[in-house]
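Undergrad: Copied straight from TrEMBL:
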DOMAIN    9-339  domain 'FAD-binding'
BINDING   ARG44  NADPH binding site
BINDING   ASP51, ARG108, ASP302  FAD binding site
Amino acid sequence: MSPTPPPRIAVVGAGPGGLACARILARHGITATVYDRDAGPDARDQGGSLDLHADNGQLALREAGLLEEFFRLARPEGQEMRQLDPSGAVLFHHVPGPDERFKPEIDRRLLRDVLLASLPAGTVRWGHTLRAVTGPADGPRRLHFADGATVECDLVIGADGAWSTVRRAVSDATPRYTGVSFLEAWFHDVTTGHPGVADLVGQGSAAAADGERGLFAQRNGGDHIRVYIIQRAPADWITAAGLDPRDTDQVRALLLERFRDWSLRMRRLIGDNDGPYVDRPIHALPAGHTWQHSPSVTLLGDAAHLMPPLGVGVNLALLDACELALALARHDTVGQAVRAYEDTMLPRSAETSRLLDGAVHDLVSTELPDFAAADAR
Ligand SMILES: Cc1cc2nc3c(=O)[nH]c(=O)nc-3n(C[C@H](O)[C@H](O)[C@H](O)COP(=O)(O)OP(=O)(O)OC[C@H]3O[C@@H](n4cnc5c(N)ncnc54)[C@H](O)[C@@H]3O)c2cc1C
């Protein structure tokens, strides 16, 4: 009798979730191919700094055999946290202890480099934009790419982020606007170029709010600082004000007007930035999003449970990836593994997304966040 051939596994999305899944599968002798629409690993800016938590993101990196590498590259000093008021006065200040390792920061690009370098050559196929997944629920499934190519597989893992194409094969849900918008601003060479901003932010992050708007500033590697200017506003607030989002000077003038009651020192975080602003209206999937179970398609990370960016997204994507890969290594069939993974992941993500649903509005609240209030008592 000929042995059963190994399942053909396709991971769509080379973000942290998709890459971690492929890496842990490879460590268990399971081959997967990762498809990503980016032309290559350097095709676009990977964004800012991420904190990886001991109780989820770091667990996944341990299973991936990459935890020591993470600690070698991470910035534990990035755990410093300041809560300021609109004048710049410090309301709360957490300075991490010398051995604090609960949530060190790492630049997103470095994390992706570590994951990519850990994969067998040829695992990631760049320049593959998925257009659709077809085929019966019990498989096999066919992936259809933008260039007309197709690939047949036994399991499709949708790790393709917020606007997932794989998700459409199992769910009608789409992300909805939360009512809160971020505008991203970058500051480079801060030690010499922006000493006032560097001083306000410290080695980690600094937040401030006045009830309608807020700021979240974060130190990144390489002497950069990223600031999110946060507003309760319609998603199209820039064009609704008659402005072109690409006109940095006009957008800056509007922002400085809206933050006119904040101190000059704090307004530097809004107006002294280098380069253009990046508009990021914040969307989320409905809390408790689930889908019709299929043994041939499953989802992880943002594709499964897009939540407001409150520091858990990457951590949950890594944990999902780890649990799915381990389930595939431990069960006899792909169908049993997908069922076991979803039985754990869906209730966990439902609980977290219910907790975070609406919490994005707390970013503009003048109440001290829970952690700061607890520490201040
Ligand atoms: C402004 C902002 C700030 C954030 N800050 C933090 C933070 O500090 N900490 C944190 O934990 N989380 C943060 N998040 C959330 C975090 O970015 C996500 O939760 C995380 O990246 C999800 O990982 P993922 O692997 O599921 O998907 P992604 O990282 O989105 O990766 C998806 C991949 O799929 C690819 N792809 C998409 N569509 C297709 C297609 N059709 N065909 C082929 N490939 C495709 C993309 O190119 C991408 O490489 C933030 C999010 C935002 C918006």
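Any Cβ shown, glycine's included, is placed from N, Cα and C.
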Undergrad: Whole-number answer please: how many Å between the C-alpha atoms of ASP302 (FAD binding site) and ARG44 (NADPH binding site)?
TA: 19
Undergrad: Could you tell me the mean pLDDT over the domain 'FAD-binding' (9-339), as a whole number?
TA: 95
Undergrad: For the binding-site residues ARG44, ARG108, ASP302, which sit with their CB under 6 angstroms from an atom of ligand 1?
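TA: From ARG44, ARG108, ASP302, counting a Cβ under 6 Å from ligand 1 as near, the near ones are ASP302.
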Undergrad: Look up ARG44 (NADPH binding site) in the DSSP assignment and reduce it to helix, strand or coil.
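TA: For ARG44 (NADPH binding site) - judged by DSSP and reduced to three states - the answer is coil.
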Undergrad: CB neighbours of ARG108 (FAD binding site) within 10 A?
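TA: There are 17 such Cβ atoms around ARG108 (FAD binding site).
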Undergrad: Given ARG108 (FAD binding site) and the residue listed as 'NADPH binding site', what distance in Å do their CA atoms have, once rounded to a whole number?
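TA: The separation of the Cα atoms works out to 12 Å.
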Undergrad: Specify the secondary structure state of ASP51 (FAD binding site) as given by DSSP, simplified to three classes.
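TA: It is in a strand.
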Undergrad: Of all the binding-site residues given, ASP51, ASP302, which has the fewest Cβ neighbours within 10 Å once its own Cβ is left out?
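TA: Comparing Cβ neighbours within 10 Å for the binding-site residues ASP51, ASP302, ASP51 has the fewest.
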Undergrad: If one measures from the C-alpha of the residue listed as 'NADPH binding site' to the C-alpha of ASP51 (FAD binding site), what distance in angstrom results, rounded to a whole number?
TA: 21
Undergrad: Rounded to a whole angstrom, what is the largest C-alpha distance between any two of the residues ASP51, ARG108, ASP302 that the record assigns to FAD?
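TA: Between the most distant Cα atoms of the FAD site, 17 Å.
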Undergrad: Which three-state DSSP class does ASP302 (FAD binding site) fall into?
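TA: Once the DSSP labels are grouped into three classes, ASP302 (FAD binding site) ends up as helix.
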